[in-house]
Amino acid sequence: MGEFTIKMPDVGEGVAEAELVEWLVKVGDPVREDMTVAAVMTDKATVEIPTPVSGTVIWLGGEIGDTIAVRAPLIRIETEGDGNDVAAPQPVTEPAKTEEQKPEHAAPIRTPEKPATPVASTTAAPSPRPSPEMDKPLASPSVRLLARDSGIDLRQIRGTGPAGRILREDVEHFLAHGKEAPPAQQGLAKRTSKEEIKLTGLRRRIAEKMTLSASRIPHITYVEEVDVTALEELRATMNGARKADQPKLTLLPFLMRTMVKAVSEQPDLNATFDDDAGVLTRSGAVHVGIATQTPSGLTVPVVRHAEARSIWDCAAEMNRLAEAARSGTATRDELTGSTITISSLGALGGIVSTPVINHPEVAIVGVNKIATRPVWDGAQFVPRKMMNLSSSFDHRIIDGFDAATFVQRLRTLLETPALIFIEG
Amino acid sequence: MKEISCKLLVIGAGPGGYACAIRAGQLGIDTVIVEAAKPGGTCLTIGCIPSKALIHAAEVFDATRQMAGGRNAMGIRVDQPSIDLAGTMAWKDGIVGRLTSGVSGLLQKARVKIVSGRARFRDGKTVEVETETGQQIVRAETVVIATGSDPVELAALPFGGRVISSTEALSLRQMPKRLIVVGGGYIGLELGTAFAKLGSEVTVVEATAQVLPIYDADLIKPVTRRLTEQGIKVFTNTKAIGLSEKGDALVVEGPDGQQELPADQILAAVGRRPRSIGSGLEDLDLDRSGPYLRIDDRCRTSMRGIYAIGDVTGEPMLAHRAIAQGEMVAEIVAGKKRAWDKRCIPSICFTDPEIVSAGLSPSEARAQGYDVKVGQFPFTANGRAMTMQDEDGFVRVVARADTNLVLGLQAVGSGVSELSAAFSMAIEMGTRLEDIAGTIHVHPTRSEALQEAALKAMGHALHI
């Protein structure tokens, strides 16, 4: 018998630690080679950790939500043969085995969606949590039996009894009315319940990232309205004439190409700012981050080298990435490395937003809803398709004048879309 | 060679096995049960029942002796009592006999076929049984393994001669003058106390720092105090090394070095191990969890159609757990949707005084992250306890501080074992402190301490 230690793999360049978001095994469980044992999350992506050996889990290196350093022991497995812990207990003296653990070499990275895990409220006890044993739905044996016979999972039901106890009536109500109906309650009643939810996984990453961006970057936000009537006509024409293998164009690929053109004239905007070192890195490549809502929260997949892509290519790549992000299959590389970001809440309406810069970038362009509005053309009011751009800039790098210049340039290009496609 | 087929085959007629077979029979399942010894298993024949009989006899005898010593305040005078251990054992055997024949009767009433003999797996769905009338083959669609457990044998103290297991201790015909109990768990203490009360000089040798290591210090204190009062010597942090050269003493090694403890009998009660090998079980290659068979929440093993219940599946090795598992498996086999969803498996230690525990202790609850309220009510403030001349112990309730949901209930004291029903009912029903406090508890009973403990946890006990 030997012991095999799986260490936190090196999940990406420069990543020193990763958050444990899921254990798929517990102590005492038998595991077979290649079985996924845990999921960890770095800045952006969730990485599943497989075991290269078969055996029995004898030790877990942390609880869900813990941050674990790269190469720290993650899980120990008792194996039939010799383990990797026989002679070398120090974590760093196992380069060969750890190397195999790199997901790049070992197994394709899958990034399943991991929503923030709600945790039952326990006052003043942040790290230890109630065991699953006691977190079972509160219900008497007869109610549990009724639920089981009816094929109902009691966790779906909200108990109306004392301390949230699920009553027979609650189950009967659920059977009759399903989940949507609110629990039968007469009139208005005070609610005193509180639910504490510990942030884990992506939600925690988002919280940290937003705190970083909002606390370190002095934002300046500039809003301008853009007449997109011509652009919309062009878009409709292009979509009408597109080939079968071409994606349907939305406004975003046009905006991407517009930004490529505008930042070539103002290279400070397509850059990252290392404020600790006081170094601004202008990027030749335009890697456009697209803020994307996924079931587990906000992620920013990156269209790489937008400067080298046609409008059709931008559209296809954006569609592919958005789909990958939503289904949780985007790789870490596809979720990092942007140099400027687009945030689009247009579909939900709204006339102005105050986008938060995607640290360490210096600019973000927010798209608001297109609406047909009356515009004075000098002689009369005419209906025009108008869209607001709400953009934020790092005011340490970008002066108000430069911000305004950039947005006005975007406006000019978008209002006369032929300019977007003119070389030079 | 005879062959029979059935829908359900249960191997082992202990509490888990027979409960499973009876319930299956009630549900109309064609069931066969195989048992090598008498129906009833360890519990009825060599465990719970005979030990409780012996403990009761010892208590009665001890009480009588106390009275004869003139040490009672109740004004009762008796002459010097004596005990005929053979007579005690015969009485105990009578009870065991009634119960085992009762189990046979219940199995028959449920139309379960009983095959007497040792079963051996041929494959996952076929077993051979060596019966008195030759080999019997049983084929079944579904098999339940309920083979139970055996006392652990220490390598340094193999059973035989003066070294006995609990099985032999429950059938002794002669009182050992000096009895050494190796292992301060509940089996060792229950039997050690009983023999002390019957007149033996008893010494308990425990390898860890305290007896009954699974309970917290508060619960154990009344028990250790009583052990001392009864003249039972307890050596903690002490290991049994083996028999002395002459074989009439136990060599132990403790904090003060090695010493020899003279003994007429040495009871090794260091735990039980599952019967998960032998009988061809090892050839089935079922997944294990340590020495136990691994099961899921429906008692399914890693092989389709094979279930396992009771001691062979792990701790806690308790008859009532096995019975609940057996009943559940029978219903699953009958096509009902069932899964293990018990909130607690209460346990009792029939020491003097008794300890009962259901759910989480205060420290377990805190370790799981709960902010808890604890209410403890002593029997010194309980009228019934005073009238029974036994005021040791208390009832303790552990509840969530935010919702007052009862997480655990424990008690130590004379006769508290019967409170276990209230304890486990409270936890299974998901009661809050207010529910217990708001329930009338009969006066004068020890159970009033339960209501008072709940009131105390909420800060307004009446009688303290």
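Quick reminder: no glycine exception, Cβ is built from N, Cα and C everywhere.
DSSP assigns B:His443 (active site, proton acceptor) to coil in the three-state reduction, outside any helix or strand. Note: B:His443 (active site, proton acceptor) has non-local neighbours B:Gly383, i.e. same-chain residues 6+ apart with C-beta under 8 A of its own C-beta. Residues or ranges marked as active site, proton acceptor in TrEMBL: B:His443.
When secondary structure is read from DSSP and collapsed to three states, B:Leu318 (FAD binding site) falls in the coil class. Cβ contacts within 10 Å of B:Leu318 (FAD binding site), excluding its own Cβ and spanning all protein chains shown: 18. Residues or ranges marked as FAD binding site in TrEMBL: B:Lys52, B:Thr147, B:Gly148, B:Ser149, B:Asp311, B:Met317, B:Leu318, B:Ala319, B:His320.
Annotation comment: TrEMBL describes B:Gly183, B:Gly184, B:Gly185, B:Tyr186, B:Ile187, B:Gly188, B:Leu189, B:Glu190, B:Glu206, B:Gly271 as NAD(+) binding site. Under 8 Å, Cβ to Cβ, and six or more positions away along its own chain, B:Ile187 (NAD(+) binding site) finds B:Ser51, B:Ser166, B:Ala269.
Listed in sequence order, the residues of the same chain lying 6 or more apart from B:Cys43 (disulfide bond) and placing their CB within less than 8 Å of its CB are B:Gly14, B:Pro15, B:Ile49, B:Ala319. Among the features that TrEMBL reports, disulfide bond is placed at B:Cys43-B:Cys48.
Annotated domain 'FAD/NAD(P)-binding' per TrEMBL: B:7-326, in sequence order.
Summarising the annotation, TrEMBL assigns domain 'Pyridine nucleotide-disulphide oxidoreductase dimerisation' to B:345-454. As a whole-number mean, the pLDDT of the domain 'Pyridine nucleotide-disulphide oxidoreductase dimerisation' (B:345-454) in this prediction is 96.
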The one of B:Lys52, B:His320 whose CB sees the fewest other CB atoms within 10 Å, among these binding-site residues: B:Lys52
Spatial separation of B:Cys48 (disulfide bond) from B:His320 (FAD binding site) - C-alpha basis, Å: 11
Nonlocal residues around B:Cys48 (disulfide bond), in sequence order (Cβ under 8 Å, 6 or more apart): B:Thr42, B:Ala319
The domain 'Pyridine nucleotide-disulphide oxidoreductase dimerisation' (B:345-454), counted residue by residue under DSSP: helix, strand, coil: 39 helix, 33 strand, 38 coil
Neighbour-count leader, CB within 10 A, binding-site residues: B:Gly148, B:Gly183, B:Gly185: B:Gly148
Sequence-distant neighbours of B:Leu189 (NAD(+) binding site) in its chain (C-beta under 8 A, six or more apart): B:Val181, B:Val204, B:Val211, B:Leu212, B:Val223, B:Leu227, B:Cys349, B:Thr351
FAD site span - longest C-alpha distance across B:Lys52, B:Thr147, B:Gly148, B:Ser149, B:Asp311, B:Met317, B:Leu318, B:Ala319, B:His320, in Å: 23
Cβ-centroid neighbours of NAD(+) site B:Gly183, B:Gly184, B:Gly185, B:Tyr186, B:Ile187, B:Gly188, B:Leu189, B:Glu190, B:Glu206, B:Gly271, 8 Å, sequence order: B:Val181, B:Gly192, B:Val204, B:Val211, B:Leu212, B:Ala269, B:Val270
Winner by Cβ contact number (other Cβ atoms within 10 Å) across the binding-site residues B:Glu206, B:Asp311: B:Asp311
